[in-house]
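What Swiss-Prot annotates here:
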- 40-149: domain 'tRNA-binding' (DOMAIN)
- 407-484: domain 'B5' (DOMAIN)
- D462, D468, E471, E472: Mg(2+) binding site (BINDING)
- 710-802: domain 'FDX-ACB' (DOMAIN)
Amino acid sequence: MKLSLDWMNDFTPLKEVGLDVILKKIAVSVCEIDGVVPFRPELDFVKIVRIESLDKHPSADKLQIAEVFDGSSKSQIVTGATNVKVGDLVPLAIPGAKLGDREILESELRGVKSSGMFCSEKELSLSEESSGVWILNGIEGAEIGKTIRSFLYYEDIIFEIDNKSITHRPDLWSHFGFARELASQLRLPITFNPFESLWNFDLSMKLPRVLENQNAHSYYASSICEVFVIPSKRKFQSRLQKCGIRVINNVVDVSNYVMLEMGQPTHFFDKRFLESQGGVSLEVSYAKKGESFALLDETSPSLEEEILLIRNQGRPVAVAGVMGGKESAVQNNTTEIVMESAVFAREKIRKSIRSTGIRSDSSVRYEKGLEATTTLPVIRRALNLLKENGCPSLKASEPVGFLHTPHKEVRIHTDIHFINTKLGITLSQGDITDILERLHFMVSWKGDRLEALVPKFRHNYDVTIPEDLVEEIGRTRGYDTIQVTPLLAEIKTPIRNLSRELERKCKTFFSVGLGYHEVYNYSFQALKENELDGDVELSVKIRNEMPEEQSVLRNSLISSLLKNIRTNQDRFSEIKIFEFGRAYFNIPEPDNEKKFFSFAVSFDRKSSESDLGLLEDDFLKVRKEIESFLKYIRIFEYFWDIKPEIFFHPGASLSLIVDSKQIGNLGYVHPAVLDSFELKKRVIYGSLEFEKLVEIWNTNRNISRFNVPSQFPEAEIDISILIGEKENTNLFTDLVRREKIPELQEGWVYSQFAGGSVPVGKRSVSYRFRLVNYEKTFTQERIKEISDHLVALAGKNGFVLR
């Protein structure tokens, strides 16, 4: 938005204050400024001169030599203009002037010195076309020696305001509103208030008809006669041009002028056109779907039912608050008009803008939310401006219309302690009263309690709560005057989130230590995928309509991880992934939602792989990884139990048991499941219930398991036995552990073999047991004694030695 300093000076003496002071106060207390520029400063080098004489050029038939007078001296100009004569007042660009890309220099034309150039309106960028030098004879204000910039009222400073910084301040979208704000901030008086304009309405004139409804906050119309449509006076033209508004004629220009001055849009209808429709009967109503009529911008959009229209005798003549109709617009021969001044709900104007795609200067102001009581004062001001701008004898009927909330008030209650606490400084009641009254609030105190009546131009959406008052006081006093002090806050040890802490440990160990990659999946999946793990009847269905493959919440993570492997099986030979995720069940809380830590591994073994040795090695490798993870999170007492699962191969399905509770599982995914997911390779899948894992870890995390290393050499005993093809290898290690051999530190399976000389249905399993003595070196006799004990234990329990 562009604001003219000269225009704002009509309302308060801003020119008496230094420009630097104004700019600093705007930046600190009002809004952001994109730029401050003088308007058309190049026209200071173009003066009005009078042609004293004209002579033919001695060496060029189409050139003339003119002697001109600028009020203090004479100079010689060579010109090719044919429309000038002695005595004419014309604009002269003197040497040093820059007009567009052209710089005027003192030069010689065919041997004759020329000290400048006569200018046309086009050369001065005042018109798109011109027929010759601009002749200024008889034009008001055209005086010899005056600069064109002064003649055109262009001697001005333009403030370019950042619109987004005043979106919440509709009162600042006008010259008077901004001047009023600056007057408050700089302690300047208001010398003229356009909202206090007076006008004597002609009570004998026929009144227009306005149908009252709830489609506008306020709507008034007045009939105006003895109107003459002519070009606007220079003052009006220049002020509109400085704000980037196109000049049209004196009537339309006044409508734009009053909008820029007071922030309230108005509209003029050609009364003769309205009467041709059967009389003047205006109404605010909604469009009919598909309705269309020509607008001022030559478009005819198809309208939606949510768009507000102005109708006359039921026919559309304007899109309310956005743009007028072409047929009802003021014409060059218009002598009577109907003036409209209205305020519409901002949300309705926003819908019209969105639907039509039209964003006008009027709609920009309406969408911010205007104060409804301004409609009548704006009519009075516009009538005064029309009279000043070429319609000296106009008459106007008394405005007719409605105002729904004439006595709306917003009162805010707070106390001095609240204000000072929020600002972080100590202000007295006098300080607060001074600031608020300068901002046009009405203030009253009862002890430390404050009541502030918000001015009408601020109470719609801007200032409504005590915090808004604090902001007004703070910005007016100046945020730069508030001393920066460090915040005082109690330092507390943060509460440990054990679940989050263990989750980070798990992710770090699996990704950094074991080379797994973390994956993220949606919780939506197909109902048939929930059949893999659990009761499908407990599936949680998604209420809003979804595709069949995303119709329920998952009850385990196996389907998600298998789909991840399917996506990547042709890209990588080995896939190791894990996911932290939730599973959902249609049962009462808190068991309706569980968090799982699940993982899946594919070692590039085809689903038809029949080499049991390779498959068992892969499985033992993954199991060893999980056991190292359990040790990492301080879970030392556990065992693996054979437990069939429908999604696991019956020969490779284990449950992890800790403290007699199952906390997870591990196994080869069943070939039928692999086929259903179109998987070409064997997959090992495992899952741990995370809440149970957290509980066990929390119990064990402070227990020290450190053992002082023995100073004596360790010993190892290997033993190989035959066990059933489907028997758990833990059976023998559990038997050994229960014997409580003092020197026995640990035991594990280090190899397995099936086929060859091994009987059918059996497999050869080799165990290794580590022996540690803290008191003396092992003797061969003691090692043999323990070895014989293990052999006897195996035979006693039906195991055959290899």
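From the backbone N, Cα and C atoms, a Cβ is placed for every residue, glycine too.
A 10 Å cutoff on Cβ-Cβ distances gives D468 (Mg(2+) binding site) a total of 17 other Cβ atoms nearby, all chains included. In terms of DSSP helix, strand and coil, the domain 'tRNA-binding' (40-149) has 7 helix, 46 strand, 57 coil. Taken through DSSP, the domain 'B5' (407-484) splits into 33 helix, 15 strand, 30 coil.
Around the Cβ of E471 (Mg(2+) binding site), a 10 Å sphere holds 16 further Cβ atoms from the protein chains shown. A Cβ within 8 Å of the Cβ centre of D462, D468, E471, E472, the residues given for Mg(2+), is found for these other residues of the same chain: R458, V463, E467, L469, V470. Here the domain 'FDX-ACB' (710-802) has, by DSSP, the following mix of helix, strand and coil residues: 26 helix, 32 strand, 35 coil. Taken together, the residues of the domain 'tRNA-binding' (40-149) have an average pLDDT of 92.
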